């Protein structure tokens, strides 16, 4: 028998060739009525097609395993034999009439029953459109976030859909225009910010991304509402592209950063002065993060913090001079490729050094360094959190390089002396080290989140209050909350009402509800958001300065919306944003049905999210796509609104998509979280495979069409999982894809790899065991698509190059899709569309492979006959 398909290694698809739209596909395991040769022919699934007898030596068989019909012709002589010598029987016309009448009655009853019992949505579904890639980028599906921000006890600033910026007073229920949308449009501004005194607006335009959060751009100032724009520049340069600019907490004071130096302006119109001048481009960063701090530690590009009264500025000084340099090549646009060098610490290499400084802004500039803890475990450290407690006290969290010891200190901004307030230690790693404490006005009491033992499931994250007593060096510490659930964020402290407001998973791990708790007495809790907004269980919130009002942002599962509430009775005052245009678009589409399920495994649960087609039936066979993320501490199963390429796979191509949170995931206790320590991939594979096995037990899943996809760390997992064997040691997955996969953790960022695998160089066994090179030798049969931008600054193309070397040695069947000179985050909308089409088309073709194999087999059998 001839080969069913030609295996290949090293097939490289350029951006022109891969996403060519596939032919009309039928992923549901059967042919549509327009293809099967007759209006009444019943569609066959892949199994039925494989089992159906094939016609031998005759014509009429269609491609793709169509059902074939054999006709036996009768000769004229046969007709004569039937006609000659036959006597017509006597017919009972009365009986025939009665029988016909009964048949008509029965048929009418059947038709009536079908009409009555058919759900109304089935009729409406046929009128709805399927979700397409174009929809993902259309205005109809674009969620508008008003970016509402409280600026007083009763006022907040927000932006309308058309771009106009308004000030809303909840007490008088009136609004004032601050910036017309047309003005923002005329300036081509990407971002805006209003000064604290509401006199000026700061705009940025011609913004150029650097990494995930950082960018450079031009800035202008404009008097509200109709002033002419004034360029914001350092005294020595005109028309300068700045790395950052932003207002302070008072009046019109602002700072901006140029060439890693900090400039301060007391008010608009006054010349800026350089207050920090030790910066060196690409090497010494003042007030800004380098790559490692932006991506893995602070998770923002901003590394400076104003005191509440605006008299001081704390800033981080990050020195990359000893950090090895990575070079990102640029292949297009010039005859010879060029490179962009930047400092990137990999596992075991030199890390950036960091120090925290405070400068006074009133009078002569005085720079004072805050002293790190005098602890031998802190020989190398990260600064993970900075928060002002008062105008002279600043809280700092110091984390050792191994990331298993952290110390929270309160530093005196006038002396630089730091006092230890809390210490945490773990045998594994310390999670959630960016959490900001919330302080009382005098700074003597503060609330922070720490992990507290809660029984067999390990520790959960809860609110603790620390109170310092006058004339005493000891602090009184009490836990405000407890239970086998997590506080995810502290929002506000109402000192007058003795209440703390926070978000938690107490309802369910996949939800985020808004709660309050008393800070005195028995710490009673109350859910403020439960059953408050229809079809909303995942919230974030912000409170007015007086705590009398709050903005409630619904993030799912329904279409996101923002409402304004009174804190006293939770009563909704008005809707700020409902995204009606998105609701209409959703109602006009065949959106996936979302189901949640828990699998019980030994002593833990495995939460699953299942996306099914809107037209789902138990009798149809659907392909299964497993989507993995699984970065330790993350969560894939959450009740958040999302329309993604996975939605397109379900809606337009009839796939079932499943996600799950196994060992290593967050919000289920530290025991489950820390189980993956020093063995990344091993336990995640077992849990993800358990989810797949559970789905394969369902009669509606086609066992011959199962795929896996992941990006970043999920790309590592999808590559790790793809060769996994199922029952009887057979292949589970037909195909798989990885986007920017991590393939060797010693090539990845130091802070990430060392957090989970330990310090490289001391014991490298964990690094060797987690290499995917050990797994790819089994990838001879499955289709494997690797996608990687060549200028990926987070997960270098080096990872994919190493992987491909192993794939070639293993004679694996793979395809490679590259994006020349594109960064990790795909800032271009057109490239994102191309990316999504590439992924979707790959899986569509993969899920059609069984039909192709059946067709080839049928043709070969016919040739043999």
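Backbone N, Cα and C atoms are what each Cβ position is placed from, and that goes for glycine too.
The following features are taken from Swiss-Prot:
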type: TOPO_DOM; residues: 1-95; note: topological domain 'Cytoplasmic'
type: TOPO_DOM; residues: 117-865; note: topological domain 'Extracellular'
type: CARBOHYD; residues: 173; note: N-linked glycosylation site
type: CARBOHYD; residues: 319; note: N-linked glycosylation site
type: CARBOHYD; residues: 404; note: N-linked glycosylation site
type: DISULFID; residues: 411-418; note: disulfide bond
type: CARBOHYD; residues: 471; note: N-linked glycosylation site
type: DISULFID; residues: 527-530; note: disulfide bond
type: CARBOHYD; residues: 535; note: N-linked glycosylation site
type: DISULFID; residues: 536-554; note: disulfide bond
type: CARBOHYD; residues: 566; note: N-linked glycosylation site
type: DISULFID; residues: 735-846; note: disulfide bond
type: CARBOHYD; residues: 813; note: N-linked glycosylation site
Looking at the recorded positions 319, 404, 527, 554, 813, which ones sit with their CA no more than 10 Å from the CA of residue 535 (N-linked glycosylation site)?
-> 554
Name the residues of the same chain, 6+ apart in sequence, whose Cβ is under 8 Å from the Cβ of residue 404 (N-linked glycosylation site)?
-> 425, 426, 427, 428, 429, 430
Can you figure out which of 173, 319, 411, 418, 846 (the recorded positions) comes closest in space to residue 530 (disulfide bond), comparing Cα atoms?
-> 173
Can you tell which of 527, 554, 735 has the least company, meaning the fewest other C-beta atoms within 10 angstroms of its C-beta, among these disulfide-bonded residues?
-> 527
Take the Cβ of residue 173 (N-linked glycosylation site) and count every other Cβ within 10 Å, whichever protein chain it belongs to.
-> 10
Determine, from DSSP, whether residue 735 (disulfide bond) sits in helix, strand or coil.
-> strand
Using C-alpha positions only, work out which of the disulfide-bonded residues 411, 527, 735 is nearest to residue 536 (disulfide bond).
-> 527
Structural state of residue 813 (N-linked glycosylation site), classified by DSSP into three states = coil
Rounded mean pLDDT for the residues that make up the topological domain 'Extracellular' (117-865) = 92
Measure from the Cα of residue 566 (N-linked glycosylation site) to the Cα of every one of the recorded positions 173, 411, 418, 846, then give the nearest.
-> 173
Based on DSSP, name the secondary structure state of residue 535 (N-linked glycosylation site): helix, strand or coil.
-> coil
Just going by other Cβ atoms within 10 Å, which of the disulfide-bonded residues 411, 418, 530, 536, 846 has the emptiest spot?
-> 530
Do me a favour and check the Cα-Cα span between residue 173 (N-linked glycosylation site) and residue 735 (disulfide bond); whole Å is fine.
-> 57
Counting Cβ neighbours within 10 Å across all chains shown, tell me which of the glycosylation sites 566, 813 comes out on top.
-> 813
Inter-residue Cα distance where the pair is residue 319 (N-linked glycosylation site) and residue 418 (disulfide bond), in Å = 22
Any idea what the Cα distance is from residue 846 (disulfide bond) over to residue 813 (N-linked glycosylation site), rounded to a whole Å?
-> 13
Glycosylation sites: 319, 535 - member with fewest neighbouring CB atoms within 10 Å = 535
